[in-house]
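Inspection log for the structure reproduced underneath, given as C-alpha cells.
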C-alpha cells in the first residue's frame, strides 16, 4: 500500500511539473487555466474527503497551528488581486489572471506540502522534482544537438553582446535566462544532495548522473545573471558546510566544473553545423559516453568520500579544487570567457531604463498598485526611450506595480518566513531557493508559472514535518487538539471559506479554458465562419481584449464601435482599443471622435511608428473624403489634426535621434509613408484655404 501511495505522488507531481515545463513553462495564462482547475478540484476533493473522515477540523487546525499560517499566504496575495477587481483596475483580465494564478500556486504548495509530510511522500516528491530537472536538461541538450526540435528552443543572435556562441539554449521556456535560472537551481541542489549522501543510493546516484549535464546546459544558455547567482550560491555553500560535507563539496566541484567546461567546448559550435568526430552518430555517442563517464566519476568520488579513502588532508582538497577551477577556465570556449571579461553589459544598462520608468510608474499608486498587468498596460505611455519590454524584468517590481508597497510586503513576508524556517533546519538547503529569488530580482522569471511551482515545491519539501508513524494516508501531521465546539467552529468556517474560494477559482479557470478553446476553434476555420465562435468565446470571457479585437475586425463599423467601447470598460488604458475606435469613426466619417480617440491612443503609445503612420494616413484620407462630400470645415479640421499628429511624430523622431545610444528596440523612426501623406495633407489644406504656398510650409 505504501508503494502504491508513493507511486501516486511521484506520478502526479512529475507529470504536473514536466507538463508545466513543456507548456513553455506556463508563461501563457491560457496554459494554466485547465491545470489550475484540476488543482482546485483536487484540493476540494481532499478537503471533502477529510471532512467525511471527520478530520477536516484537524487538517485545518494543523495548517493554522503556530508557525504554519504561511501555508495559506499565497491565498492572501490572491485575495489582494481579487480586491482590485472591486475597484476598476487597469485590466480586469490581467488582475483576474493573477488572482487565479496565486490561488493555483497556493493549492500546489498545500498539496505538495501535504504529500511531503506524509509517510513515504517526501522521497516520492523529491524524486519527481529531480527527474523533472533531468527532463529539462536532456531535452535542452537534445535541441542543441539536433536530436529533437521545439519552437524557439535556440535563441540565435549575431550580436556578441547577446550571444558569444551565436546561439543560446532556451529550451521549453523559449527564454535562455529562465532556463538558466532553473538549471542553476538544479545544479546547486545536486551539489547539496551529493554532499549529504551517506551511502550510494538513488539519493546520490541521480544527482551524480545529472550534475555535469545540468551544468553543461547551464553554460550553453550564456546567462551571466544565472552564472553569477549560481557562483555566489556555490561559494556560500562552500563556506556554510563543514566536515565530510565540505570535503565532498570540494571534490565534486573539482571534477564536475572542468568536465562541464570540456564538453561545452566540444559542443560550442554544434548548432551551426560544427562536428566533433565527423558524423552526427559518432558525435552523439561521444557526448553520451562523456556524460556517462562524468556521472561514473562523480559516483566514484561519492563512494571514496563516504568511505574516507581519499584525500584526508584539507590542503590537498583545496589544491584539487584550485586545479579544477584552473582547468575550467582553460577549457571553456574562449568566446564564453570573453563574455564575462569584456565588460559589455549593455543589456543591464537597458534594464536600468526599465527600472527607472517602473519607479516613476510606481509613484502613481504607491500603496496598493493598479492591479494585474500594470506594467504591460502603461509602460508604453511612460517609457522615455523606445525599448521593447512588455515585462519589467524584475519580479519584485512587477508585484510592486500591481499591488503597491502593501502587496510587495505580503510577498516578502511569505518568502522571509519560508527562508528562515528552512535556514533554521539546515542553512545550506536555502541556497537553491536563493538562486531563484535573486535571479527574479533582475528578470521576469515570475511570469512563468513553472518558476513558482518549482519554488513552492522545493520549499514544501524542506518545510515539511515528520509524518505520523504508521499512518500511510495522513496527508498532513495531525495535532492532538481538543475538539471542543468552540475550537472547531472557526476552523470549520475557514475550511468552508477555502472550499468556496477554490470553487470560484476553479470555475473561473474552467470558463477561461473553454473561452480559449472556442477562440482557437474559431480561428482555425475560414474567415467567414469565425464570428460565431469568437462571440461564444467572448461570452465566456468578456475581459479578453485579444478576442474582442479579432471579432471587431470582422464586423461593420457601426457594430464594431459598441464592442470596442465595452472593451474600454475592461481595459481603460488600452491604446489598441482606442485606436481601433478612432479608425471605426473614420469609416463612419465622424472626424471629431476619430481625432479624439486616435490622439488618446498616440498619447499612450508614442513610440509606435506604425500607429503614428496609420493615424496620419487615416486622417488624411478622411479629410479628402470630407472635402469631396462638401464638408470643407470638417475636412480642414481633420487635415490640421493630421498635420499636428505628424508634427508631434517628427519632433519625437528628432528627440530619439538626439539621444546618446538610445535603446531603440522598437526601431522608432520616420516612415516614408508618413512623410508622403503629410505632404498630401498640406496640399489639401493649401487648396482649401486658397494659399498655394502653404503646401510647401
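Every residue, even glycine, has its Cβ placed from backbone N, Cα and C.
Remember, TrEMBL labels are computer predictions, not curated facts.
Here is what TrEMBL records for this protein:
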type     : residues : note
TRANSMEM : 33-50    : transmembrane segment
TRANSMEM : 70-93    : transmembrane segment
TRANSMEM : 99-116   : transmembrane segment
TRANSMEM : 128-150  : transmembrane segment
TRANSMEM : 200-220  : transmembrane segment
DOMAIN   : 210-412  : domain 'O-antigen ligase-related'
TRANSMEM : 226-242  : transmembrane segment
TRANSMEM : 249-272  : transmembrane segment
TRANSMEM : 284-305  : transmembrane segment
TRANSMEM : 317-336  : transmembrane segment
TRANSMEM : 399-422  : transmembrane segment
TRANSMEM : 434-461  : transmembrane segment
TRANSMEM : 489-510  : transmembrane segment
REPEAT   : 575-608  : repeat 'TPR'
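Contact counts against the transmembrane segment (200-220), taken as Cβ pairs under 8 Å, peak for 249-272 among the stretches 70-93, 249-272, 489-510. Among residues of the same chain six or more beyond the transmembrane segment (399-422), those with a C-beta under 8 A of the stretch's C-beta atoms are 67, 70, 73-74, 76-77, 80-81, 84, 95, 98, 358, 361-362, 365-375, 392, 429-430, 433-434, 437, 446, 459, 462-463.
With a cut-off of 8 Å between Cβ atoms, the residues of this chain six or more beyond the transmembrane segment (317-336) that come close are 160, 164-165, 219, 222, 247, 250-251, 253-255, 257-258, 260-262, 264-265, 268, 311.
The list of residues near the transmembrane segment (128-150) in space but at least 6 beyond its ends in sequence, with Cβ under 8 angstroms from a Cβ of it, reads 9-11, 13-14, 17-18, 21, 169, 171-172, 179, 182-183, 186, 189-190, 206-207, 210, 213-214, 216-217, 220, 267, 270-271, 280, 283-284, 287, 454, 457-458, 461. If you average pLDDT over the repeat 'TPR' (575-608) in this model, you get 97. Per DSSP, the repeat 'TPR' (575-608) is made up of 28 helix, 0 strand, 6 coil.
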